[in-house]
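Colleague: Pasting a structure below so you can have a look.
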Amino acid sequence: MHVAEVAVNVILLLSMGWTSDSLCSPTIFYRDCWIRRFPGLLINLEESQKLGAQFLKYYSESTGQKCSRSCCLRKDVSCNLAVFYHSPIHDNINCLHVHCPTLESCILEPGTSAILYNITDGIDPDLLVFEQSPTYLNTRSSSNRWDRLRILKAMNLDKQTTTINGMLPSTEAPSSTTHQDLVVNTNSTSYSKELTTDFWARFTSLNESITTKINKVSPSTDFISNPDNKTISPFFEPIDTKLSHMPVPPGLNSSKQLLNKTKGYNSRNHTSANEDEVSVTSKTWLVSVALCTSVIFLGCCIVILASGCCGKQQGQYKPGQRKSGSLQIKNRNHMKENSS
């Protein structure tokens with residue numbers, strides 16, 4: 001009976017251990033690293049090295065947890081795979097650190113006495129709960145590398161779109177200059193820059209269309225001059241360029257060529273053309289107001305003059321004289337009657 005009770009207790013303890021092992025999550029978080037545990041797997045190091053995997057370190061460690069955490073703490077290289085062997089092969093060496101640049105570069109195979117750990121950069125779950133944005137992207141994980149590249153491409157496209165939409169020209173310079181082409185003039189000739197990359201080619205075509213519109217309005221622009229009496233556009237720096245000759249109006253001074261200076265705004269586009277339209281509309285409004293005011297003033301003057309003339313004409317009549325004349329006539333008639 002005693003032996004049977006001991007056997008039952010041992011079975012219960014083993015079942016509890018298996019249950020707790022199955023309930024434990026294979027993923028843990030440690031020092032900005034997500035560590036995923038895969039028991040029963042190991043790596044074929046020779047074949048993996050042929051495909052681009054990099055062997056980092058092979059040493060002795062007490063537990064698999066320490067082996068995986070030491071891989072996470074490596075700062076010199078990106079360690080994203082650790083293998084812990086329960087039964088060391090030789091000289092008590094049981095911990096292996098490997099860097100896999102891609103998923104296909106590391107070949108896995110089953111192994112009963114080994115545990116494979118996949119280490120990836122991550123964010124503290126507490127920070128995720130409090131909705132704090134990450135300050136870095138995942139660079140350790142080979143599985144998330146393509147996602148990172150896609151994110152970077154999307155961010156670059158957004159920045160390019162914002163930059164192009166925000167780079168509408170705002171001009172501030174002396175009003176005597178009207179030449180607006182993006183040129184660098186040395187000896188009565190200007191050189192326009194032609195960019196080689198696709199993005200800069202699109203930007204150049206867009207900038208040319210914008211320059212054409214500005215030339216129709218003919219505003220003035222700022223420029224930046226260097227000690228060699230050359231003007232340099234603030235958005236173009238020396239990049240593999242080709243020079244093409246363009247004619248320059250003879251009335252312009254070669255030492256005072258002006259270039260477009262565009263100022264980008266994230267929330268709105270502000271151009272000198274809009275300023276000209278606003279000034280034209282304001283001038284038209286002022287002219288109309290002045291005309292209306294002058295017409296009203298002239299009307300008031302005419303009314304005042306007319307009323308004054310009417311008053312003068314009415315003032316020439318003398319009703320008293322009429323009354324006195326009629327009285328004299330009556331008196332004369334009365335005297336004639338009396339005399340008769």
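Glycine too: its Cβ is placed from the backbone N, Cα and C atoms.
Okay, these came from Swiss-Prot:
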type	residues	note
SIGNAL	1-24	signal peptide
DOMAIN	37-117	domain 'MANSC'
CARBOHYD	Asn118	N-linked glycosylation site
CARBOHYD	Asn187	N-linked glycosylation site
CARBOHYD	Asn260	N-linked glycosylation site
TOPO_DOM	306-340	topological domain 'Cytoplasmic'
Colleague: Could you tally the C-beta atoms, other than its own, that fall within 10 angstroms of the C-beta of Asn118 (N-linked glycosylation site)?
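Modeller: Here the count is 22.
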Colleague: Under a three-state reading of DSSP, tell me whether Asn118 (N-linked glycosylation site) is helix, strand or coil.
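Modeller: Where Asn118 (N-linked glycosylation site) sits, the three-state DSSP reduction gives strand.
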Colleague: The topological domain 'Cytoplasmic' (306-340): mean pLDDT?
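Modeller: Mean pLDDT, the topological domain 'Cytoplasmic' (306-340): 65.
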